[in-house]
Amino acid sequence: MYRKHIISIPDFSREELELVVDTAARLKQSPRGDLLQDKLVASCFFEPSTRTRLSFETAVQRLGGNIIGFADGGNTSAKKGETLADSIKIISSYTDAVVMRHPKEGAARLASEFSAVPVINGGDGSNQHPTQTLLDLFSIRETQGRLDGLTVAFAGDLKYGRTVHSLAQALSLFGARFYFVSPEVLAMPDYICEELDEKGISYTVADSLEAVIPEVDVLYMTRVQRERFDEAEFRKIQGQYALRADMLKHARPGMKVLHPLPRVDEIAVDVDATPHAYYFEQAKNGVYARQALLSLVLNETV
């Protein structure tokens, strides 16, 4: 993976995904403060972020590296009309890697074509969020003890939620079975379903969250975005795809609830105290997964 661009999950082999997860587990168990010594990473966030940006910056510094960058594209020369290609040419001439989030789909792939150093996609529009998927895989294996043959439900906004697109693609390499629970207007995109069909991966489209909970090893919740509905329709959908603690009474003992965060109303606060809640530990795992990725991309051996 040395000097590899990290743009989308389909660019990874199963073996590479396992390598990142294994390395993350090792770094969580035995921290290393020297893996990015003398390395400089650019953190280029053209779109707001809390967890992704801060966990990347934490990862770089804990590995002994240095970081430069910006948290808002409005404060850069992009506001003056500079193209992304020109910006990346310049930024990559200063640094050893570029971590980038951008609101436009395909922006990370474009950046990689003009960068002199590896580009790591921190999210491009509603398209891909590969490093979120890596921390999700790490959290899933940490809680389930394996990645192979799991049953996973995705619930909420499956159309615009880039995290579920990437994670479905990744877990398909491990023979997962899926439940897709969403309103019809926010269903999993056809291209993801077609990819799963081609691989012979089983999935079921469902409209009842409570009905699928007893069947799954992992429940992956996402936020239904208020701005996509009128108020009456949103209130109806919101209640239908919100998780409460009482809905977990028939869940498998080891089942874990994940969420890319931020949550709004789709997971009630009373779920936090249940043994199934794992979304805060999942967010914490973002540092270890991103440490692993940076170490593998910027070192020939780790």
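Each residue, glycine too, has its Cβ placed from N, Cα and C.
Matching Arg26, Arg101, Arg109, Arg235 to the carbamoyl phosphate binding residues that Swiss-Prot gives (Arg51, Thr52, His129, Gln132, Leu261, Pro262) identifies Arg101.
Excluding Arg51, Thr52, Arg101, His129, Gln132, Leu261, Pro262, which define the carbamoyl phosphate site, the same chain contributes Ser49, Thr50, Gly122, Gly123, Thr163, Pro260, Gly286 within 8 Å (Cβ to the Cβ centroid), listed in sequence order. Around His129 (carbamoyl phosphate binding site), the same-chain residues at least 6 positions away in sequence with a Cβ under 8 Å from its Cβ are Thr52, Asn121, Gly122, Gly123, Arg162, Thr163, Ser166, Pro260.
Proximity to Arg223 (L-aspartate binding site), judged by a C-alpha distance within 10 Å, picks out none of the binding-site residues Arg51, Arg101, Gln132.
Looking at Arg51, Arg101, Arg162, Arg223, the binding-site residues in this record, the fewest other C-beta atoms within 10 angstroms of the C-beta turn up around Arg51. Note on Gln132 (carbamoyl phosphate binding site): other Cβ atoms within 10 Å of its Cβ, all shown chains, come to 27. Across the structure, Pro262 (carbamoyl phosphate binding site) and Lys80 (L-aspartate binding site) are spaced 31 Å apart at their Cα atoms.
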